[in-house]
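Comments concern the structure below.
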Amino acid sequence: MLARAAARALATPSSRLFSSSAARHTKVAVLGAGGGIGQPLSLLLKSDPLVTSLSLYDIRGAPGVAADVSHVDTGSEVAGYAADQLDQALEGVEVVVIPAGVPRKPGMTRDDLFNTNASIVRDLASAVARVAPQAHILVISNPVNSTVPIVASTLENAGVFDPRRVFGVTTLDVVRAQRFVAGLVESDPAQTPITVVGGHSGPTIVPLLSQSQFGKAITGDKYEKLVHRIQFGGDEVVKAKDGAGSATLSMAYAGAKFTNALLRGLNGQKGVVTPTFVKSPLFADQGIDFFSSSVELGPNGVEKIHPLGQISAEEEKLLAACLPELKKNIEKGRAFVAAAN
Ligand SMILES: NC(=O)c1ccc[n+]([C@@H]2O[C@H](COP(=O)([O-])OP(=O)(O)OC[C@H]3O[C@@H](n4cnc5c(N)ncnc54)[C@H](O)[C@@H]3O)[C@@H](O)[C@H]2O)c1
């Protein structure tokens, strides 16, 4: 083990001599790695060349997932940690992805998960604050609109909050929007970028279709149905899984996609811009201090928060419906942490 670490330490500077764009060594942890999202997410992160070490933690099953994933023939090292090994799992970690918690059953909103997931996320955030205070934290656990403020408040209380390093993963809303629009206009989803802003639950999800050459062609009844499908696409999966949970595979894809974007930013790639739910000045004057909009990712995490740009009258209406709901969700998260102190 020591010999391997020493060899790696020696190898790093010389490899940088030969390539100015050599990737940093990045250790990524998945907390909740044994779950429906955690398992495929761990597999996808194992396939990401920017991940050099993968640390898998869960209260159930992470060592098994780690043993399995570790046989995949990519360069990264994989270690699994049992329930009582959270601190070890977080040692030296630079990026922490959190899909821990319970998912929805049919008829539930994301907010219905609050009671269970709030304390799970708070406790995991405190451990990150203690063991890896410089880590970037990517929150998948729902309700994202509240769990991200919970992470921020927990880190604030520990004196280590840096708004450039806490992200709510809203990428699945973007992935869905791009797929659904591409299906309607028969374009390639990869060439159909759609910006989705706001938060991550029903009416707080605001797709800015007017800013897309493809999206703006969709009007009338088709537009209404499309917006509803983007906002409530998660319900299609919850219903189809019929009690067995919510989106896991598409979420793992989206989580890996966002993690890769962050890693590219951390590695110094310029122009990495994607929507994510972060501490944001955009609507702070209305008491909404977290918001998802296009964010440029860089060596320190959040590099630049882009404004919404020009939006249509329909989008203004969607935004007006989003803001009060989002405000409530954020306040609920903040209040949860405040009440515990
Ligand atoms: N952000 C998004 O777009 C999005 C999309 C889909 C689902 N989700 C959310 O992701 C979360 C996970 O969903 P899932 O389908 O993987 O659920 P799941 O029940 O299959 O897996 C959750 C895992 O978390 C683990 N866990 C519970 N408490 C833990 C703790 N304290 N520490 C570490 N691990 C712990 C469980 O043991 C389990 O393995 C849910 O909250 C769900 O609502 C978010």
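Using the three backbone atoms N, Cα and C, a Cβ is placed for every residue, glycine included.
Under the heading domain 'Lactate/malate dehydrogenase N-terminal', TrEMBL lists 26-168. Here TrEMBL flags GLY32, ALA33, GLY34, GLY35, GLY36, ILE37, GLY38, ASP58, ASN117, ILE140, SER141, ASN142, MET251 as NAD(+) binding site. Marked as substrate binding site by TrEMBL: ARG104, ARG110, ASN142, ARG176. Annotation comment: TrEMBL describes 170-337 as domain 'Lactate/malate dehydrogenase C-terminal'. Positions annotated as active site, proton acceptor by TrEMBL: HIS200.
Overlay of TrEMBL annotations on the structure.
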residue : record                       : DSSP class
GLY32   : NAD(+) binding site          : coil
GLY38   : NAD(+) binding site          : helix
ARG104  : substrate binding site       : coil
ARG110  : substrate binding site       : helix
ASN117  : NAD(+) binding site          : helix
SER141  : NAD(+) binding site          : coil
ARG176  : substrate binding site       : helix
HIS200  : active site, proton acceptor : coil
MET251  : NAD(+) binding site          : helix
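Counted within 10 Å of its Cβ, the other Cβ atoms near ARG176 (substrate binding site) come to 25, all protein chains included. In this structure the alpha carbons, written CA, of SER141 (NAD(+) binding site) and ARG110 (substrate binding site) are 10 Å apart.
ASN142 (substrate binding site) and GLY34 (NAD(+) binding site) are 17 Å apart (CA-CA, integer value). Candidate binding-site residues: ASN117, ASN142. Fewest other C-beta atoms within 10 angstroms, ASN117. Confidence for the domain 'Lactate/malate dehydrogenase C-terminal' (170-337), expressed as mean pLDDT, is 97. The domain 'Lactate/malate dehydrogenase N-terminal' (26-168): residue composition by secondary structure is 61 helix, 26 strand, 56 coil, according to DSSP.
Under 6 Å, Cβ to nearest atom of ligand 1: this is the test, and of the binding-site residues GLY32, SER141, ARG176, MET251 it is passed by GLY32, SER141, MET251. Under 8 Å, Cβ to Cβ, and six or more positions away along its own chain, ARG110 (substrate binding site) finds ARG104, ASN142, PRO143, VAL144, ASN145, HIS200, SER201, GLY202, GLY234. In this structure, the binding-site residues under consideration are GLY32, GLY34, GLY36, GLY38, and the one with the smallest number of other Cβ atoms within 10 Å of its Cβ is GLY36. Counted within 10 Å of its Cβ, the other Cβ atoms near ARG104 (substrate binding site) come to 21, all protein chains included. Taking the Cα atom of each, MET251 (NAD(+) binding site) and ARG176 (substrate binding site) are about 10 angstrom apart. Farthest C-alpha pair in the NAD(+)-binding residues GLY32, ALA33, GLY34, GLY35, GLY36, ILE37, GLY38, ASP58, ASN117, ILE140, SER141, ASN142, MET251: 18 Å apart. Of the chain residues outside the substrate site list ARG104, ARG110, ASN142, ARG176, PRO103, PRO143, VAL144, HIS200, SER201, GLY234, VAL238, SER246, ALA247 have their Cβ within 8 Å of the site's Cβ mean position. Taking the recorded positions SER141, HIS200, MET251 in turn and counting surrounding C-beta atoms within 10 angstroms, the largest count is reached at SER141. Taken over all pairs of the listed substrate-binding residues (ARG104, ARG110, ASN142, ARG176), the Cα spread reaches a maximum of 18 Å, rounded to the nearest whole number.
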